[in-house]
């Protein structure tokens, strides 16, 4: 029987079902150095993995398209064993899982999932749809299969991810699972030169009478027939030399002179030559040699069968009896020593900053805030983000190693949004700070002080001293920064004193919150809300003034009248204008009150007229009233009543 290790292998139903899963059977296929078994059973992913591990395996990996075809054929053979399967979708667990707390990584082919048996990330995938982004629960992958499709289905089963299930709830549409068992080598199946039967017992407790490759440590039971019945032979697949496995038998088994080469080609792999006495022997074609089992042929050039895969190349060994697979630069041999995998050069930290691994190589990159020193150079240098014309800061920029930070000039604070813009500080907003003794005017990046009429700004730019000033803000430059084109906000200070009048009519100073440090004999100005303050007998209002109405010295003597008159003449046009505005406002308010009062009187009169109309009589009789009866008529009714003016 001719065989080829590179062909996909047929499947065989094993006679003993797994009672734990309640399945009627299982199918097995062996290829390369692994065997795959397909099982029925509504189990959770953990229970399926436990069943596979009891026999030395794991849930199956699907790391290549070739491996996917092996599993697809095993599942197809399993479905052929069932009769009248309903047309529905079934799922079979494989060994691809993502643990709880590990999130989706869309940049990787496996999306953050990993194989149960370990191993590197693989490029082959066959997702049914986009993987759900979830980190809060464990996720497992199963193969989607239409249970009613024939065994020769040409499409590979898709991957579906979902919850891993539990013992009482294995998952939606879960029908079974696929196991994989890996071995260090395989034996070729035993060749029968005559009637007989071979039964193989694998290390993972699978029994089959027909396998194209038999895993290492399997036992073969050969029973020959046709005159040799009752005789049984036992063979063990063992390692004869490095990577060489055979049964330890020579020549075909169950040879019968009756059939010669006519039965199964005499058990020979290639050519069968008969002798004159009914005997025969096996031979090989040109370019091949007969192996020690006297049945199997091997190429004299070990590389003729292309044993190396992928990017690996086959190199003949000494005397052309063996070979070695070599990988190109940037790759190394995998565990099978026949295929190449990429070498992660970044593990040796060859770059000064960041290393990016690529297939067969790597390249260096700079961290954020750095740039290469020159074209093709790996060394990195700091990027000056504060260079003229490139600064992201609104005012001041300070470059640091790999980064930068922004700051603001005095009178500004850094905005919290992006840390690059500056906002003006309103120094006049909190009057409790007492920045100015009089008026406070906020400007862009600074502030300025001013004083009420009758006061003037002191040399320090903050305090107010006696003198003739205008209410308008000073025209000179503000304190600190230039105010530019923006207008400030005028704020009244809470530290100005106001006059009050005692019970005898003399004026005294009453300070609110903070009182400016002024000479005791200096006149005190009024803030705007106090300009109309009532300070005299009822019905009299005090005229606004820039000085205290009546000031006394410590000795109790009155101030000279000439001095008082001189200070009174120092009133400014601004003070008169302010008084005019206030009086005009009062007159307008009085006019509005008079208009409202007239409207109210008119409405009341109108309502009274309407009420009189409603009480007006409806006919002529309503205007009359009944007169009382005459006295004489009442006297006739009682003749005994005394008459007026007489005695009883």
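Cβ atoms here come from the backbone N, Cα and C positions, even for glycine.
On a predicted model such as this, the values are computed, not experimentally measured, just so you know.
Quick look at what TrEMBL annotates:
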COMPBIAS  508-527  compositional bias 'Polar residues'
COMPBIAS  608-617  compositional bias 'Basic and acidic residues'
COMPBIAS  636-648  compositional bias 'Polar residues'
DISULFID  308-325  disulfide bond
DOMAIN    31-164  domain 'C-type lectin'
DOMAIN    299-337  domain 'EGF-like'
DOMAIN    342-376  domain 'EGF-like'
DOMAIN    382-423  domain 'EGF-like'
REGION    466-570  region 'Disordered'
REGION    607-648  region 'Disordered'
SIGNAL    1-21  signal peptide
TRANSMEM  578-602  transmembrane segment
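Non-local neighbourhood of residue 325 (disulfide bond): 307, 308, 312, 313, 314, 315, 333, 337, 338, 339, 340, each in the same chain, at least six residues away, with C-beta under 8 Å from its C-beta. Per-residue pLDDT, averaged across the domain 'EGF-like' (299-337), gives 86. The local packing around residue 308 (disulfide bond), expressed as other Cβ atoms within 10 Å of its Cβ over all shown chains, amounts to 22. Helix, strand and coil residue tallies for the domain 'EGF-like' (299-337), in that order: 7 helix, 12 strand, 20 coil [DSSP].
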